[in-house]
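*Asks:* Dumping what TrEMBL says about this protein:
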DOMAIN    2-195  domain 'Tubulin/FtsZ GTPase'
BINDING   10, 11, 12, 13, 14, 110, 111, 112, 142, 169, 187  GTP binding site
REGION    361-390  region 'Disordered'
COMPBIAS  378-390  compositional bias 'Acidic residues'
Ligand SMILES: Nc1nc2c(ncn2[C@@H]2O[C@H](COP(=O)(O)OP(=O)(O)OP(=O)(O)O)[C@@H](O)[C@H]2O)c(=O)[nH]1
């Protein structure tokens, strides 16, 4: 699937940068164009792969290149005001050559949280290609204001995009990890999952062709539910099979993959992907549509495995709209299963996020009015005998 990726804010820019690196490393050709938008100059300078002419610094007259300090209302205002500057970079995107836009943003901060929904609304008005979002939820330990930002951005972003793919930082943090190295690891996890998903269907000439290759239209149809999506992933090294005979030697001495084993491996990877840790944990039977992708060296992929995986997913989700196929990757050393669950509705994490956000908002309002009163009490003398100078 050919994408124009736009990273909004620091997290968005870093993740898009990582997608480009993944594309170059794996030969996947999903990222046709990449743009990074930010209110903080330093965040743009830190990018290694997004071309400089596609890096856009907005809000210079308001925040002088220093970011919006987690004020997402200001982030949204600046995005509205400077949308023409963003359009200038989007003008470099070869629109005829892309299947969709993907806007990536951390939802807990200010720039991406406020700006990404504004950009989604704008792109949908101008272009006919679908506009998807990849929204990153903050960790629970980041505090109330980040949760409030994320909850408000989530509501708006879902409404403005054709589908919001969600990654929850909280489900992926590990104790004892520094913030920096934590994000590096988490960003790898993000890119691996979505890289396989979006890389599927981009088999170029000369690549190995699988038995039932996923086409980008199948990804688009799956995401056509709108709403919120989550992704599961599981992988296994092919040269170190867990149990059973992976391959047998043919009479000419070359190896031949045991097809029963390959089938079982794919179905078991699909199960592990769907029942393991999702990018946004949810009840999988609340998904409206789903898609599974089996990726790996073509000799380890087969139609039967994908079919069995699809049947299993139909049972688990209670939905007949389960698409599936393979994504052959010539030199990979792993077979992987990726499951996209689209239009999910039972997501306890989002409900919890909203509850904490409402609590935070009430608390902020209460403290603000209390402290206004306290400041007045402090400044004025008890009996109002003193007059200010002017
Ligand atoms: N997965 C991941 N999440 C990140 C990363 N950096 C920040 N985040 C998350 O994204 C949220 C928003 O942070 P930023 O992207 O830094 O904020 P911003 O959009 O640049 O906005 P301001 O800094 O307020 O101007 C944070 O609360 C974190 O949850 C990253 O590299 N990877």
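Just so you know, glycine gets a Cβ as well, placed from its N, Cα and C.
No curator has checked TrEMBL annotations; they are predicted automatically.
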*Asks:* Please list residues from the chain of residue 111 (GTP binding site) whose Cβ is under 8 angstroms from its Cβ, counting only those at least six apart in sequence.
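*Replies:* Once residues fewer than 6 apart are set aside, residue 111 (GTP binding site) is near 8, 9, 10, 37, 38, 39, 40, 67, 68, 75, 78.
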*Asks:* Sequence-remote contacts (6 or more beyond its ends) of the region 'Disordered' (361-390), Cβ cut-off under 8 Å?
*Replies:* 144, 148
*Asks:* How big is the GTP site in terms of the longest C-alpha to C-alpha distance among 10, 11, 12, 13, 14, 110, 111, 112, 142, 169, 187, in angstrom?
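*Replies:* Per the listed residues, the maximum Cα distance equals 20 Å.
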*Asks:* Along the domain 'Tubulin/FtsZ GTPase' (2-195), what average pLDDT does this model show?
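*Replies:* That stretch averages a pLDDT of 96.
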*Asks:* A 10 Å Cβ contact count, applied to the binding-site residues 10, 187: which residue has the minimum?
*Replies:* 187
*Asks:* Sort out the sequence-distant neighbours of residue 14 (GTP binding site) for me: same chain, 6+ apart, CB within less than 8 Å of its CB, listed by position.
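*Replies:* Result: 7, 46, 47, 183, 187.
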*Asks:* For residue 12 (GTP binding site), write down the residues of its own chain that are at least 6 apart in sequence and whose Cβ falls under 8 Å from its Cβ; none is a fine answer.
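*Replies:* Residue 12 (GTP binding site) has long-range Cβ partners 6, 36, 37, 103, 104, 105, 106, 112, 116.
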*Asks:* Let me know the DSSP-derived helix, strand or coil state of residue 10 (GTP binding site), please.
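*Replies:* Going by the DSSP assignment, residue 10 (GTP binding site) falls within a helical segment, counted as helix.
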